């Protein structure tokens, strides 16, 4: 009795149909990149200082340059060179007083400027940027700087909570329906984020987008791997993740062209609607349909694949069977991950790897955004290292398996992060280089964990 893999060998394991479906799903993978790490550009924190009424008028009257204005009116760095006093506190001085001179105006108020009282920024901040971000619009600096981290934490929390339900939805209602529903909702929430009028609304939309966006990416990953033959499955899975890297490269260019966060958010959200093309270009997974005993639809889809690939219709499709019909379940549950001692061991190891690789991957990207160089170029250069990471996986997995490259990449990423602790921020290019090495290592880990997850568990568990 032939299996799906047997039929795919006859109609082409990676023919015209699979290539078309793959390219369509790659749009979805690329569109996920701005959701995952878009905070680098949406919430960048420019240099800032307290807004002091009267300073601008005094500066115009005295004809100061920006450098002179900063020197005369802004506190210097605090103890140990900290920037907090300079960015978050201002002199308690009435700058509208006409007695202030244009040459060192504070000299007449105290013999030493450090003796002047400092107070919080009661009138807001001045930001040295020609664009805007969530930080500049909602003043997420100083005492409220933690709200930037909360913004990203909300989407990460959404990823976690959404992953608990996406497996059930995909196995209960189908991969395609799960993909279309989550993609549409994610795109709509992205647009709503762009027009959010207050910070709580921003957090809500971000959380909800996290709930569904990871599900759409995962559904696309599972769909394309279930459409290709066994010999192409690893390659297609890695290339699908490389489409995510292409999305990162495009993100840096779009962010450079659109420095205002609301327009940028809109620009990266609208292309997500293109994922709805999957309705016409990508059918339901025949493996899932077969597990649901919907053999008539399976026959139609396999005939369609054969026709698209220029192959003759197969006569033995009615005898098609699911190679996992002994283990495949119609009602998977979270408990299946811990049902046997071996599964429990694998699950805890993979949970640890998922957690560490996710945190380290995002952390290295955020680090690149905080090194003080050219944000757009640094982000672009660091994203490029993901391509050699993918080639390393393709070159090593068939020869060395998955475990040894996974362990070696973890060591490289950990060593790079350890070295970065001792590097001065003034050594900009050295910081970027070491961060890129670490990111290449953790990218390999991230992509290989996806492969291990798909190959280690039966389909009904790996989607759970």
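Note: Cβ is positioned from N, Cα and C throughout, glycine not excepted.
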Candidate ranges 129-149, 150-170, 297-317; TrEMBL annotation transmembrane segment resolves to 150-170
Ranges in play 93-114, 203-224, with TrEMBL marking transmembrane segment at 203-224
In TrEMBL, of the candidate ranges 263-282, 323-342, the one given as transmembrane segment runs 263-282
Between the ranges 72-92, 177-197, TrEMBL assigns transmembrane segment to 177-197
Ranking 349-369, 375-395, 402-423, 429-454 by Cβ pairs under 8 Å to the transmembrane segment (203-224) puts first 429-454
Ranking 21-44, 263-282, 429-454 by Cβ pairs under 8 Å to the transmembrane segment (236-257) puts first 21-44
Tertiary contacts of the transmembrane segment (177-197), defined by C-beta under 8 angstroms and 6+ residue spacing from its ends, are 28, 35, 166, 169-170, 205-206, 208-209, 212-213, 215-216, 219-220, 223, 262-263, 265-266, 268-270, 272-273, 275-276, 278-279, 282, 284
